[in-house]
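Before any comments, here is the structure.
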């Protein structure tokens, strides 16, 4: 079974970026796609969009990873009766996969890749938005700079950013993801590897849940889209599967009537600008269909 990688609503972006890294990659042959079976060993890697802080009980408060026990790795493992090792952690960057990380509680964590063995059967990974503060700059500074409701301070700052522009940072992120995926496939040569893309979080208009300048709405959408496109290309280059959560969560962004990702003021268990339980359930259901 193959995942479908189609990002609705990206035609404008694709046209603007034609001829550059914003284009989708041709897909090379994937690694073996053997269905997973009950009892298989499953390792989940990623950042806070995988850990899903505060949507349910926290697995281990001491580490600072704020990993919920009903995030999509746990839901998937329960659904398919898999032996799970979830090493996802809030604040993780691509380097955390192979080099470890220090959490906000000053816990020194081993590299996430250390959880892999030759006996690993399934790996899921979602990573990249924390690199060079790509996501953090969007949700913090773009909101803080929005003193003019109709302004576009982030768009203007990014245009003058050069090597610090969002596109340049995402290009570098993409290269790091390719390297990380190569390391994963080397450490777990028999495993089925699925890269889980980020959901749609950026709205099509400003709102109280994401109070950026109206002129920065398109910029926020572009960041969201470029992140997912880069993840898709990296997965394709590495020959691993890609689960397109953007497509599956379309219309459930920060400002939606039925949001699956929390905005500035969460209305259900979650932390600001992070997934609700529904988003994790959708991811788990799609993964179960893909790998079984």
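Using the three backbone atoms N, Cα and C, a Cβ is placed for every residue, glycine included.
Annotated active site, nucleophile per TrEMBL: 48, in sequence order. TrEMBL lists 274 with the feature active site. Per TrEMBL, the feature disulfide bond maps to 65-89, 142-154, 207-255. Sequence annotations record features per position, and here TrEMBL assigns domain 'SGNH hydrolase-type esterase' to 44-268. The feature signal peptide is assigned by TrEMBL to 1-18.
On a Cα basis, residue 207 (disulfide bond) lies 13 Å away from residue 142 (disulfide bond).
With a cut-off of 8 Å between CB atoms and residues at least 6 apart in sequence, the same chain places 48, 49, 52, 53, 54, 261, 262 near residue 274 (active site), listed in sequence order.
Comparing the disulfide-bonded residues 65, 142, 207, 255 by how many other C-beta atoms lie within 10 angstroms of each C-beta, the top residue is 65. Taking Cβ-Cβ distances under 8 Å and a sequence gap of 6 or more within the same chain, the neighbours of residue 89 (disulfide bond) are 46, 47, 48, 51, 63, 64, 65, 67, 96, 101, 103, 109, 112. A helical conformation is recorded for residue 154 (disulfide bond) in the three-state DSSP classification.
DSSP gives residue 274 (active site) a coil state; it is part of no helix or strand. A 10 Å cutoff on Cβ-Cβ distances gives the residue listed as 'active site, nucleophile' a total of 24 other Cβ atoms nearby, all chains included. Residue 89 (disulfide bond) falls within neither a helix nor a strand when secondary structure is assigned with DSSP, and so counts as coil.
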